[in-house]
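To keep things clear, I will list the structure first and then write my remarks on it.
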Amino acid sequence: MTYQEYLEKVKLAKEWMRAYYEDDEPLASDEEYDKLIRELKEFEALYKDKISKDSPTQNIAPTIQSEFHKITHSAKMWSMEDVFDEAELRAWAKRAKCEFDFFIEPKFDGASLNLTYENGKLISGATRGDGEIGEDITLNVKEISNIPKIIPYKDKIEIRGEVVILKEDFEKINEKRAKDGLSLFANPRNGASGSLRQLDTSITKERNLKFYPWGVGENSLKFSKHSEVMEFIRSLGFLKDDFVYCVKTLDEVLEKYHELLEKRDQKPMMMDGMVVRVDDLKKCQELGYTVKFPKFMAAFKFPALEKTTTLLGVNLQVGRSGVITPVAILEPVELDGVVVKSATLHNFDEITRLGVMIGDSVSVIRSGDVIPKITKVFTQRRDGLESKITKPSLCPECLSELLDEGAFLKCQNLDCKARLVNSIIYFVSKKCLNIDGLGENIVELLFKEGKITNIESIFFLKYDDFLNLEGFKEKKINNLLNAIENAKKCSLSRFITALGIEHIGEVAAKKLAQSFGFDWFLQSYEAYVNLEGFGEQMAKSLQEFTKINHQRIKHFYEILHLEDEKKELALNENISNKTFVITGTLSKSRDHFKELIESFGAKVSSSVSKKTDFVLYGSEAGSKLEKAQSLGVKCINEDEFNALLGGDDEV
């Protein structure tokens, strides 16, 4: 890198930094920013006499300019040095002259906050800002329910931590913003930062923010270890994460890092790494600071879940209901060990809202099994060669005219090949009839070869139908035919779900099966609309579907061996007609407990309210458990749940 190139990169890094800190509108992904900073550090390590005073490596953050008043921190809020692999971790430990007694905890991906208490009262809350001066957001901080307003400690103390939005709350916030025509938050961190900097405190309150402490600023505590400090802070009424450890060696640090990385998707909030610090406070004081970082701590970063790539084009997919879904075709990029080549664009309203064009640089996020999606478009990088994404008027599969319903486009041709194939794929999927070995590619092959023409034809497949198909040998054919035969025996509710009736999901299907049994498709509009949880839209959809498919359902009854769940309903006076919410990690799948609860005449809801009777919780329960406790809802673990089923009224 030449000196001129270095100065250009400094200028770019400053621009990205200002957009991130001042505008809450990032111009680059975290990975791109980290890469740029590392390039600057490499140059500066070689040419110490040429380091620019404007380099972000020499500063924590830009000077604050906002509508909020400024607060000077009593003690500086430092950033952390990032390490990205084992070699860098060991190099950091060597510089810190420490290879034992480390304190480790998750590095939550949120907004840093400094709380000041005097005489046991919260007197101010401020953002990190440039490390010395932050924004006064005290009124908003007081709307965060898990931040104590009064603590049992009289001396002045600055308590620092991270404000986060839980994943489930983040999705709800973005759904609401989309409905209101507002731009979406790119990630929970931006959501947390934006929520703290609201002029209307009621908005902050409704965002359900959480605060997790990670350290202290000014204080008069007499502890000798950071772990003791944090134990004391949490005893004052602050949240503690369940992944906090003191370990002896770097090998143990690495072991815990990989353990936490495996739990990444299970955590209710986003994490971007693990904090590693020297536990001995005297040793920390001796090590001191660089111009930007404490020498005694580092952020051991996780692989990025969000990266920047290029939108190459858009494919149009036809779903089983005829809805056209635009899918972004991307320049391949690796995210969390998976090569991502496409991302959902949901619908054409979303394309308009994003303002995305073919050729744009876009930010793509992937978490766990969630379908990758585009969260941001970097319009500043356009070069004029981009092209608009046009809304089609004809079905891409059958070329019939599309029905334009605003956000959604629909193919109304019932014989459209794509609709038929996707209906079959859905029918045999895991949550429906769960026919092992009959995946998407095989369904498409069988349809293409004329071996199946509709859902029913699956159950009439014979050995000879597979003989000339590529990849099929005797064992594979027999396994698939056995799986099809075994799938004929299933619950009535799974069958109803598998039919793919618009607005009728698993919960509604279970309700229909339990309420009406095999006669579920013979009911009136009034009978449907009067079911608990059913509305006019669901009742209308059911009535239209059953009217058209009356004889077809009877034909399925002749083919399949369905279990009548109406007869299986065994009422339990402890839980019958009660409402449950399930949260956290339990000994078996959530679906197992859901089916068990419903089999005893109770129902399972996805959200906690005053009408909730029980919250069944496991390890790492999130905001649902906290909300239930605040509302006085009875919260039970698995042992207590089993006691309920056994008729124990003492629970």
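Quick reminder: no glycine exception, Cβ is built from N, Cα and C everywhere.
Record features, source Swiss-Prot:
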- K107: active site, N6-AMP-lysine intermediate (ACT_SITE)
- D30, E31, E32, Y33, D34, S79, M80, E105, R128, E162, K301: NAD(+) binding site (BINDING)
- C395, C398, C411, C416: Zn(2+) binding site (BINDING)
- 570-651: domain 'BRCT' (DOMAIN)
Local backbone state of D34 (NAD(+) binding site), from DSSP in three classes:
helix
Top Cα neighbour of C411 (Zn(2+) binding site) in the set of recorded positions E32, D34, K107, R128, K301:
E32
In the structure shown, which of the binding-site residues M80, C395, C398, C411, C416 has the fewest Cβ neighbours within 10 Å?
C398
Given C395 (Zn(2+) binding site) and K107 (active site, N6-AMP-lysine intermediate), what distance in Å do their CA atoms have, once rounded to a whole number?
47
Would you identify the secondary structure of C398 (Zn(2+) binding site) according to DSSP, in three states?
coil
Count the Cβ atoms, other than its own, that fall within 10 Å of the Cβ of D30 (NAD(+) binding site), considering every protein chain shown.
20
Averaged over the domain 'BRCT' (570-651), what pLDDT does the prediction give?
82
Closest to D34 (NAD(+) binding site): which of the recorded positions K107, C398, C416, going by Cα position?
K107
Would you mind checking how many other C-beta atoms are within 10 angstroms of the C-beta on K301 (NAD(+) binding site)?
19
Looking only at E32, D34, which of these binding-site residues has the biggest number of Cβ atoms within 10 Å around its Cβ?
E32
List the Cα distance (Å, whole number) between R128 (NAD(+) binding site) and K107 (active site, N6-AMP-lysine intermediate).
16
Three-state composition of the domain 'BRCT' (570-651), taking helix and strand from DSSP:
27 helix, 17 strand, 38 coil
Neighbouring binding-site residues, C-alpha within 10 angstroms of K107 (active site, N6-AMP-lysine intermediate) - of D30, E32, K301, C398, C416:
K301
What is the interatomic distance between the Cα atoms of D30 (NAD(+) binding site) and C398 (Zn(2+) binding site), given in whole Å?
42
